[in-house]
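Data block below; observations after.
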Amino acid sequence: MDLSDIARKLGLSEHKLLVRKAAELRRLCDVQFDSSIISVGEVCKAVICLEIAATRFGEVIFDRQKAVKLSGMSEKAYNRSFNSLQNGLKIKTKLDIRELGIQFGCVRLIPFVKKSLSLYKDRFLVSLPSSRQASADFTRPVFTAVAFYLCAKKHKLKIDKVRLIEVCGTSESEFSCVSTSMKDLCHDVFGISSEKKDPKEVKGNRAFKLQASKENGESWL
């Protein structure tokens with residue numbers, strides 16, 4: 001199936017730059033590695049390249065459910081293939097709060113997640129020495145995913161945690177560590193702890209940074 005045909009079925013044919021970017025990514029896949037080794041067929045590869053391209057264009061809404069169906073794979077297999085292909089292309093996941101809200105049917109959570117994530121960033125920076133504050137990096141998708149999950153729990157909405165972890169391309173252990181850090185620093189937002197904690201005294205961050213270092217071979221900040 002031609003890439004333009006797949007784009008049309010996903011309602012993306014009007015976004016010419018996006019389709020061009022997807023075509024470029026697919027060519028890159030063919031040059032850099034054999035996608036069949038990671039069990040990604042041609043149609044699935046085209047769909048995934050379109051999704052990756054869509055994430056580069058923040059205003060484009062990508063219908064992942066339709067994409068999974070079009071790929072001919074189960075959602076779990078699609079997520080696994082998506083992460084493998086993205087890693088193979090050395091592209092970092094860019095997780096959009098709005099897309100998560102649409103994908104998991106929790107659009108009303110969007111403003112709460114944005115506010116909570118912003119508050120967490122502020123409090124985390126306060127907990128760091130001034131010399132390290134400028135180098136703090138919150139661009140990794142796990143932060144957005146965890147904030148989304150904790151907000152959902154706060155509002156008593158059921159979210160498939162396993163699916164969320166797969167979507168953001170992280171591990172269970174990293175997700176858990178960030179979750180602990182967020183609950184420690186933002187207990188008042190997520191309603192987890194009844195005891196107030198001073199951000200400067202929270203030690204959970206050390207464990208999280210140590211875990212991230214072990215998994216990624218480098219510090220996350």
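Going from the start of the chain as shown, residues are counted 1 onward.
Every residue gets a Cβ built from N, Cα and C, even glycine.
Here's what TrEMBL has on this protein:
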- 3-92: domain 'ORC6 first cyclin-like' (DOMAIN)
- 95-185: domain 'ORC6 second cyclin-like' (DOMAIN)
How do the residues of the domain 'ORC6 first cyclin-like' (3-92) split into helix, strand and coil according to DSSP?
65 helix, 0 strand, 25 coil
Across the whole of the domain 'ORC6 first cyclin-like' (3-92), what does the mean pLDDT come to? Round it, please.
86
